[in-house]
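Noted in TrEMBL for the protein shown:
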- 33-50: transmembrane segment (TRANSMEM)
- 42-332: domain 'Sugar phosphate transporter' (DOMAIN)
- 62-81: transmembrane segment (TRANSMEM)
- 115-135: transmembrane segment (TRANSMEM)
- 167-184: transmembrane segment (TRANSMEM)
- 190-210: transmembrane segment (TRANSMEM)
- 222-242: transmembrane segment (TRANSMEM)
- 254-280: transmembrane segment (TRANSMEM)
- 292-310: transmembrane segment (TRANSMEM)
Amino acid sequence: MPSPVKSDELRLTMTNSLKSPEQKMGSAMTTKGAYAAISYMACAVLLVMFNKAALSSYNFPCANVITLIQMVCSCSILYAMRCLKIISFTAVEPQGIISYNPINLVPLKTLTKTLPLALSYLLYMLVTMESVRSINVPMYTTLRRTTVAFTMIVEYLLTGQKHSPSVVGSVGTIILGAFIAGARDLSYDAYGYAVVFIANICTAIYLASIARIGKSSGLNSFGLMWCNGIICAPILLFWTSIRGDLEVTMNFPLLFYPGFQVVMLFSCILAFLINYYVFLNTTLNSALTQTICGNLKDLFTIGIGWLLFGGLPFDLLNVVGQSLGFLGSCLYAYCKLQGK
């Protein structure tokens, strides 16, 4: 008898593959879809807090090494769960003896199909790091929220996904709120703006590719996570090596301090969960829904950070902009729940 996890993944893949363009435009969010969206936002907020603790409270200097450790841990967890037959990497479980060789868990042909997804994710990470260095934080946040517009365009180009006027209106409200929130920091930097918009394009391509490649490759969320990790981890390992980040990490004075290790442990667990929910949310709902959840997560992070740590000066334009962003996100959620 197939396990509940495998049956759910099979129903998920079959349901998504049978959707017509009309259903894609007007389908209501299911209970499982709402659960995936809420779970993603909860894990994302907690992950930001633990990453902030590692980078700021313990002054760990290498963000890319944290990402590398999270990838290695995610692949290790997936490998263990696959060998124990807790999960499957495909919608239909292959018959026969399960290989314990990590190279053979996913066929090379299938792995090749996921290359665009993995490379867009890796490019997104590297470009995002550069964009943070190139522009001030308020303007960075403002421009990054325009990712919703890029996602709508890429979804249409890759999958033919269309959206109702009410959804387009809610996205417009979010973008308007973002620019109002950053209105006092509209300092133009051509290079910085270009890098942020490239990051937006990479994010949109990555999210739009998840559902598309997931269907064509036959992999479920766990399988996509596995391919993403085993492709990106060696590249990121090479990148951190030539930059000297690994040497800096080995010489970090608090590397074996219990408090730092606990923070890193929870960071890795949450990174595994958030990657799963990104794939699940995008597959069950859409790339645009995942982007909206990301914006809503940012608002919750700002609010929780203000309540816990304070120190943020009051700015009427910022408050109005954040409120519009929250309103737009709520309108989008209402439209999805109503199937508009």
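Glycine is no exception: its Cβ is also placed from the backbone N, Cα and C atoms.
Contact between the transmembrane segment (33-50) and the transmembrane segment (222-242) is absent: fewer than three CB pairs lie under 8 Å, with pairs separated by 6 or more positions in sequence. For the transmembrane segment (222-242), same-chain residues at least 6 beyond its ends with a Cβ under 8 Å from one of its own Cβ atoms are 9, 62, 64-65, 67-68, 71-72, 74-75, 78-79, 81-82, 87-90, 102, 105-106, 110-111, 114-115, 117-119, 121-122, 125-126, 210, 213-214, 275-276, 279. The average pLDDT computed for the domain 'Sugar phosphate transporter' (42-332) is 79.
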